[in-house]
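The following features are taken from Swiss-Prot:
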- Gly74, Thr75, Thr76, Ser99, Ala100, Asn101, Phe102: NAD(+) binding site (BINDING)
- His134: active site, proton donor/acceptor (ACT_SITE)
- His135, Gly144, Thr145: (S)-2,3,4,5-tetrahydrodipicolinate binding site (BINDING)
- Lys138: active site, proton donor (ACT_SITE)
Amino acid sequence: MKYTLVGNGRMGQQVLGAIEASGEHTVHDILDVDAEISEQSFSGSDVIVDFTVRDAFLVNLPAMLASRVPVVVGTTGWDREMSIVRSMVEKSGSSLLYSANFSLGVNVFLRTVREAARMIAPFEDFDIAFSEQHHTAKADFPSGTALRAAEMILEANSRKKSIISQLSTDRKIEPDELQVAAIRLGSVFGQHAAAINSESDDIVVSHTARNRKGFAGGAVQAGKWLAQKHTEQPGFYTMDDFLDEVLG
């Protein structure tokens, strides 16, 4: 399978390495984040993988969709445009799979957090909060993974109604608010944790990334799955769709 990479930064280089190490796929082309991209830029490709920045992704999206080559997106920071992007994908007849984090380990972690949030929901003495740490070069704050975890907690636990992630506030956090704390520190790859507390217990569900290989390998696997899915049913997909089908 031939991959075109949009973005040649740290994650782009990791995806390149994962493709070359697969023995199954090849890199068709690598496009820099500031390259002028058109529909023809993806001719001959089977899958596009985008690890750029929010603004570049949104500018390049129409050309990627017009090419009808399925797109795997790891670029974060465009959550507010999610409904617009989903509509664009559906109208184009192409396919796009988005995940804030393609690490299979992180996605196991997210599902564990969701289940823990569901299990404590009936017990009002249990509270839950979420935190994350990343390197100081990371642009979005909180991380896309943290926001996805927060959404999953709200879906699983009806006692939490909204997310609060401000750096400071002049009031206490209400019981129905889910606090999401973010720290930017040095060169930390990525740490996420859900903290659960009651009068008698402290429970911590956590994940620490040791390197970027897990993110890159998951993106390549998701691309292979999406290319097949595109021939059957084009549309907008997430990592949950991929895992649900793979895990049965």
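Positions of Cβ are set from backbone N, Cα and C atoms, glycine also.
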For His134 (active site, proton donor/acceptor) and Thr145 ((S)-2,3,4,5-tetrahydrodipicolinate binding site), what Cα-Cα distance in Å is obtained after rounding to a whole number?
11
Determine, for the (S)-2,3,4,5-tetrahydrodipicolinate site, the additional residues of the same chain whose CB lies within 8 Å of the mean position of the CB atoms of His135, Gly144, Thr145; present them in sequence order.
Thr76, Ala100, Asn101, Glu132, His134, Lys138, Asp140, Pro142, Ser143, Ala146, Gly190
Shortest C-alpha distance to Gly144 ((S)-2,3,4,5-tetrahydrodipicolinate binding site) - which of the recorded positions Ala100, Asn101, Lys138:
Ala100
Recorded positions His135, Lys138, Thr145: which have a Cα within 10 Å of Ala100 (NAD(+) binding site)?
Thr145
Sort His134 (active site, proton donor/acceptor) into helix, strand or coil using the DSSP assignment.
strand
Per DSSP, to which secondary structure element type does Gly144 ((S)-2,3,4,5-tetrahydrodipicolinate binding site) belong, with helix, strand and coil as the options?
helix
Between Phe102 (NAD(+) binding site) and the residue listed as 'active site, proton donor': CA-CA distance (Å):
16
